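Going by TrEMBL, these are the annotated features:
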| type | residues | note |
| --- | --- | --- |
| ACT_SITE | LYS66 | active site, proton acceptor |
| BINDING | SER15, MET16, SER17, THR62, ASN87, ASP102, TYR218, GLN246 | shikimate binding site |
| BINDING | GLU78, GLY127, ALA128, GLY129, GLY130, ALA131, ASN151, ARG152, THR153, MET154, GLU155, LYS156, ILE216, GLY239 | NADP(+) binding site |
| DOMAIN | 7-89 | domain 'Shikimate dehydrogenase substrate binding N-terminal' |
| DOMAIN | 118-192 | domain 'Quinate/shikimate 5-dehydrogenase/glutamyl-tRNA reductase' |
| DOMAIN | 239-268 | domain 'SDH C-terminal' |
Amino acid sequence: MRKKVGLIGYPVSHSMSPQMQNGAFEKAGLSYVYDKYEVHPDQLAEAVGDMREKGFAGWNVTIPHKQAIMPYLDEIAEDALKIGAVNTVVNENGKLTGYNTDGAGFVKGLMRHVSFPMEEAKVLIIGAGGASRAISYAMGKEGPKTIAITNRTMEKAQDIFSECLRDQDQVISLQEAEERLTDFNIVINTTSIGMKEDRLPLRVNHLKAGTVVSDIIYNPFKTALLKESEKRGAIIDNGVAMLVFQGALSFEKWTGVAPDASLMEKIVIEELGGSYVNR
Ligand code: ATR
């Protein structure tokens with residue numbers, strides 16, 4: 001019998017994880033099957049109990065269950081505790097452990113483009129929602145020189161700073177971020193600006209050539225931020241990498257082996273019907 005894994009969320013219909021994970025299982029010759037399960041918030045406890053009992057090897061968790069699932073798990077890994085959200089559950093003989101691979105997955109994708117030592121990295125993170133929290137924590141662990149976080153709502157940036165960042169990091173206003181953009185060699189957009197409208201999360205007039213600019217949005221493939229940054233000589237990357245590497249890290253937690261991440265990336269790009277940016 002094939003081992004079961006999957007995704008719970010509400011909704012889940014848009015997810016590309018089944019294609020991406022099943023392709024990787026097949027390539028690795030592993031007998032697993034990944035399905036998506038739409039779980040209404042009222043049915044979360046029941047769904048978790050059910051999956052535990054049915055012997056799921058583990059599963060991914062998406063909106064709106066990433067925080068809500070925590071009380072139903074037996075153990076929560078340090079990264080997930082710090083970030084305050086779980087996106088991956090591992091079931092070991094009925095014992096459920098929650099992890100967060102979103103931040104580490106993002107960092108793994110980003111590092112493909114960073115050619116300077118991390119001690120020289122000066123990182124700007126735009127946005128202060130759930131994605132920003134995961135990315136801020138994971139970036140901090142990489143040991144960059146500084147991280148500045150900025151957001152429309154400053155209190156939310158302040159909260160992430162206090163809970164996930166380090167003493168040498170800082171909260172700055174959007175205006176200050178625009179003015180000081182030349183100081184940063186890594187810029188990360190974690191907001192949804194650029195997804196529905198062709199708009200920038202901040203003005204990039206002061207962006208330096210060679211800066212790594214990463215947007216967690218993958219649809220559109222190239223947001224206004226990426227287009228404008230590319231014009232200024234930045235090295236750009238979109239959100240496909242985060243999607244792929246968070247999934248690759250989950251795969252590894254369930255199976256104990258690393259998947260073919262390039263195949264996963266290819267599958268996602270095919271599903272999106274696009275061609276990859278800046279390859
Ligand atoms: P996620 O969990 O996916 O990160 P979220 O928690 O809704 O999503 O966070 C969205 C981020 O995009 C926040 O930083 C939000 O800014 P606020 O904290 O000020 O709300 C930002 N964002 C979304 N729409 C925005 C807009 N129109 N202008 C400025 N910031 C926006």
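First residue shown is number 1, and so on along the chain.
Using N, Cα and C of the backbone, Cβ positions are placed for all residues, glycine too.
According to DSSP, the secondary structure content of the domain 'Shikimate dehydrogenase substrate binding N-terminal' (7-89) in residues is 34 helix, 18 strand, 31 coil. Of GLU78, GLY130, ILE216, all annotated as binding-site residues, the residue with the shortest Cα distance to THR62 (shikimate binding site) is GLY130.
Checking the binding-site residues SER15, THR153, ILE216 against ligand 1, the ones whose Cβ sits under 6 Å from it are THR153. THR153 (NADP(+) binding site) carries neither a helix nor a strand DSSP state and counts as coil. Of all the binding-site residues given, namely SER15, THR62, ASN151, THR153, GLN246, the one with the smallest number of surrounding CB atoms inside 10 A is THR153. Looking at the residues that bind NADP(+) per the record, GLU78, GLY127, ALA128, GLY129, GLY130, ALA131, ASN151, ARG152, THR153, MET154, GLU155, LYS156, ILE216, GLY239, the two CA atoms farthest apart are separated by 29 Å. Within 10 Å of the Cβ of MET16 (shikimate binding site) there are 20 other Cβ atoms, across all protein chains. In the shown protein chains, 9 other C-beta atoms lie within 10 A of the C-beta of GLU155 (NADP(+) binding site).
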